[in-house]
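Here is what Swiss-Prot says about this protein:
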| type | residues | note |
| --- | --- | --- |
| BINDING | Cys48, Cys51, His52 | heme 1 binding site |
| BINDING | Cys77, Cys80, His81 | heme 2 binding site |
| BINDING | Cys138, Cys141, His142 | heme 3 binding site |
| BINDING | Cys170, Cys173, His174 | heme 4 binding site |
| BINDING | Cys329, Cys332, His333 | heme 5 binding site |
| TOPO_DOM | 1-16 | topological domain 'Cytoplasmic' |
| TOPO_DOM | 38-390 | topological domain 'Periplasmic' |
| TRANSMEM | 17-37 | transmembrane segment |
Amino acid sequence: MRKLWNALRRPSARWSVLALVAIGIVIGIALIVLPHVGIKVTSTTEFCVSCHSMQPVYEEYKQSVHFQNASGVRAECHDCHIPPDIPGMVKRKLEASNDIYQTFIAHSIDTPEKFEAKRAELAEREWARMKENNSATCRSCHNYDAMDHAKQHPEAARQMKVAAKDNQSCIDCHKGIAHQLPDMSSGFRKQFDELRAGANDSGDTLYSIDIKPIYAAKGDKEASGSLLPASEVKVLKRDGDWLQIEITGWTESAGRQRVLTQFPGKRIFVASIRGDVQQQVKTLEKTTVADTNTEWSKLQATAWMKKGDMVNDIKPIWAYADSLYNGTCNQCHGAPEISHFDANGWIGTLNGMIGFTSLDKREERTLLKYLQMNASDTAGKAHGDKKEEK
């Protein structure tokens, strides 16, 4: 080590000091210029789309307002996908090495079919990245303070004012602005299949994962009502493929008493009953809802149903419902905080948006109940709080 140190300190017998300085300058310039040029070249749109796996998304981008618009300002690939700050840019470049690996070595996205299969995963990763830095790339062009709301569409102005007040991340509301949105339903439908396959109906308290017909007697052909998703029942008896159950819920005393709800005054549906099941209900208690001055009765109904689509823990149902919410309501805009609406308010809100989704009736019912059970006036009830709303 001493010899090496002495050699480094000793003047060169072969090279002049000027030559050594010149070499040092050249090396220094190279260390500065080459990475800069490399980053600049690999950040061009031409470089990005040179991989054939990027051609489909490039064609999508060409149809967007970021490619062609009235003002003639074009956002290139790097404008959206590479953070403007140096640490963020370097980090993104290092992460991009995985794209090269997946394309040329793992071959996981090297065909249109493979790319589509991973589109949701790739999109969610990019959304999370943009959410993490508060859409820094978007803000390099767009600024809340620079917006003239008078020149915006009234609805756009209203939404942007709310977003500006909360300093909301752009990606919360503008997913799919430049590329086709992935089909998020594959994720939550796979999750439901796994929930159904792993259903455990042991125990005295069960929860429904689907809309299930209920019967007045074991073996009946005609149903006497329906048990709705995410509803709790008590098992009274097991007989082969049949379960005798006890359903408890609230109904308006002056009404037809065919629908049971989770709480008095809140349209969180548990079950519908009719025929002999309805005729044999017991009234447990009554209460008056102050807001509407209406009397509600707590009823207890006994019925039979076939085994299947029941679980002994509500938490997996809520986890699935959360995927439903994020997989559908985040598609067109930023999903609002669930507690932004009360339980009854969520009915109209969801009805106004459901036409833009591909949810079936079971999914719609499950999602609505999840939202209602976590609403502003019921928050926490979805996680095991049994207290009744009076």
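Sequential numbering from 1, following the chain as shown.
Cβ atoms here come from the backbone N, Cα and C positions, even for glycine.
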Can you name every residue in this chain, apart from Cys77, Cys80, His81, with its Cβ inside 8 Å of the center of the Cβ atoms of the recorded heme 2 site? Cys48, Ala75, Glu76, His78, Asp79, Ile82, Thr137
Additional residues surrounding heme 1, by Cβ distance to the Cys48, Cys51, His52 centre under 8 Å: Val49, Ser50, Ser53, Met54, Gln55, Tyr58, Thr103
Compared by Cα position, which of the binding-site residues Cys51, Cys77, Cys138, Cys141, His142 is the closest one to His174 (heme 4 binding site)? Cys138
Report the member of Cys138, Cys141 (the binding-site residues) whose C-beta atom has the most other C-beta atoms within 10 angstroms. Cys138
Nearest to Cys48 (heme 1 binding site) by Cα, among Cys80, Cys141, His142, Cys170, Cys329 (binding-site residues)? Cys80
Say you check the Cα of Cys80 (heme 2 binding site) against those of the binding-site residues His52, His142, Cys173; which is nearest? His142
So for His174 (heme 4 binding site), how many other CB atoms are inside 10 Å of its CB? 16
Quiz question: given the binding-site residues His52, His81, which has the greatest number of C-beta atoms lying within 10 angstroms of its own C-beta? His81
8 Å Cβ shell about Cys138, Cys141, His142 centroid, heme 3 site members excluded: Ser135, Thr137, Arg139, Ser140, Asn143, Cys170
What three-state class does DSSP give His52 (heme 1 binding site)? helix
List only the single closest residue to Cys173 (heme 4 binding site), chosen from the binding-site residues Cys51, Cys138, Cys329 by CA-CA distance. Cys329
Cys51 (heme 1 binding site) to Cys170 (heme 4 binding site), Cα to Cα, whole Å, comes out at 28
Listed binding-site residues His52, Cys77, His81, Cys170, Cys329; those within 10 A of His142 (heme 3 binding site), CA to CA, turn out to be Cys170
Per DSSP, three-state class assigned to Cys138 (heme 3 binding site): helix
